[in-house]
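Reading through the structure tokens given below for one structure.
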Amino acid sequence: MVFKYHPCVECKTKKRGSMILLVSLLINLSIALAHFNGFGEQPLSKIAIHKAVVSLHSNSSIAASPYLLGTKGEDTQWVTVNVYHSDPSADDWVGVFSPAKFNSSTCPPVDDPKEVTPYICSAPIKYKFVNYSKTGEASLKFQLINQRADFSFGLFSGGLLNPKLVAVSNFISFVNPKAPLYPRLAQGKSWDEMTVTWTSGYGIYEAAPFVEWSIKGRTPVQSPAGTLTFGRNAMCGSPASTVGWRDPGFIHTSFLKDLWPNTVYTYRLGHLLSNGSEIWSKQYSFKSSPYPGQDSLQRVIVFGDMGKAERDGSNEYNDYQPGSLNTTDQLIKDLENIDFVLHIGDITYANGYISQWDQFTAQVEPIASTVPYMIGSGNHERDWPNTGSFYNTTDSGGECGVLAQTMFYVPAENREKFWYKTDYGMFRFCIADTEHDWREGTEQYKFIEHCLATVDRQKQPWLIFAAHRVLGYSSDFYYGLEGSFEEPMGRESLQKLWQRYKVDIAFYGHVHNYERTCPIYQNQCVNKERSNYSGTVNGTIHVVVGGAGSHLSNFSQVTPKWSLYRDYDYGFVKLTAFNHSSLLFEYKKSSDGNVYDSFTISRDYKDVLACVHDGCEPTTLAT
């Protein structure tokens, strides 16, 4: 990719300082590229698994215990792996494979007679390097989740690029590998509907899925669930269709309707087997949505680009998602004070390694099983050449949107087109899909305008726009080099909609840091306040909140005048609507959960109606 430097129009850089600035930017670019090359690559992609050869040593061994997992109903369990190698090396590693049988017999047929079936055709679901004692012995701890199949462990020498299988362990498994697991709540298409999505090993010919639910303490009812799955041929490319492929199991969704507002419900996932017996999950609970426009305390979390991490330290030798667990843990800690979560794209960073979606849903289960966990589509979910994505990159690793639109429910009319609206009490959220065209005249543009135009601001005064890529403002280093401070063609089509319909806040991910602008329109700050806005707000506040977990992004050395606060750290945003007139915005760091940036908006309905520049229809002689 070639970067061209353009003087920043917003900052009016003087010519005599431009050369110094250019040199500085180029130095920063080299630092950023070095940083990026060291971070951000899917750890499983580092393994040349197709090149693995069998080199079993009779006097080397690997053994895992316990043999049977989940005997007390656990979905997650720690496993001890004891290793002995007669010829140990610093680059030896242990891989976790599931299903446990991972030799060539599990490989798909080879069509080309010139090709040779590899001994191993599936990447491990996680791995660790071995730290041997002087005697060539080691003991490793792995945390396993129930993933619908048994497990085994392979000891490899030769590093990641030339793996040689030295020893294979015994098989271990969960008591019920098919159990219903990892529920994900989402708002339905109406305010009084909650959807529950989960994963199991039961297909429709084995068992009928359902949710048993009730207001706490009352007689439960049962709602049936639909079942989806997909095969390897649904993937668009490698690694999703090759070494990254793993059977996703079955994904079930049930629609719980006619909910009472602000009411605590309990629920559990069930499967009715063909022999008449029932399989149950543990019990969960959620609080239903407020009635639209209801004047009550409502708290929303917003972030992007979180990804997943492993609590056992596996897969993380290059800190691929260094902030992910901190963000997750801070949300779990504050869960009693959270009503709704919006994760705007770059969900798991599985990048075609399908096992990682199970890992992610297990990581966020305490959150997603309790409050609606709404997602947006990002480049790492959707983008793949010649599949209709707006950007012709390979960022999804061949997933081309299939995993995101199957594993999570969103109330979109067409989940292939990942744009939708959802209401929560006093909030209206218009969620765009930056991986499809949003420009004027497109189907998505018409959706965005309709979403913004149809909100009743007397009932839902807080109007939020969200998208993965930055369609508004960000002083990201690469945007700064291009002189745009936005995605190409980002805000050109949309800013008149934000202004006309008086969007309060626009959120973005993609850039892995935090930044807040002033209320802005056409590159100009339109309010002088920085932290307390009262009365009419004349523009939209744009917020980049893409620092939830993935490697951080550098800022431009130029700070545009519209940038009020920047932070190169991991964090998320919390919105608290106290009533129709008062909104609190807080940016919290994932490391400690403390507030590092905040502002308030205080206004009445008449302030929302007030005319601002390009925000009201022009008058006519009829007036």
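Glycine is treated like the rest: Cβ placed from N, Cα and C.
The annotation transmembrane segment is assigned in TrEMBL to 20-39. As annotated by TrEMBL, domain 'Purple acid phosphatase Fn3-like' applies to 62-176. The domain 'Purple acid phosphatase N-terminal' annotation in TrEMBL covers 183-287. Residues or ranges marked as domain 'Calcineurin-like phosphoesterase' by TrEMBL: 299-514. Per TrEMBL, domain 'Purple acid phosphatase C-terminal' is recorded for 539-598.
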Exercise for review: Would you mind splitting the domain 'Purple acid phosphatase N-terminal' (183-287) into helix, strand and coil residue counts from DSSP?
Suggested key: 3 helix, 53 strand, 49 coil
Point to revise | pLDDT averaged over every residue in the domain 'Purple acid phosphatase N-terminal' (183-287) | key: 96
Practice item. Kindly report the helix/strand/coil residue split of the domain 'Purple acid phosphatase C-terminal' (539-598) according to DSSP, in that order. Key: 0 helix, 31 strand, 29 coil
Check your understanding: Under DSSP, the domain 'Purple acid phosphatase Fn3-like' (62-176) has how many residues in helix, strand and coil?
Key -> 3 helix, 48 strand, 64 coil
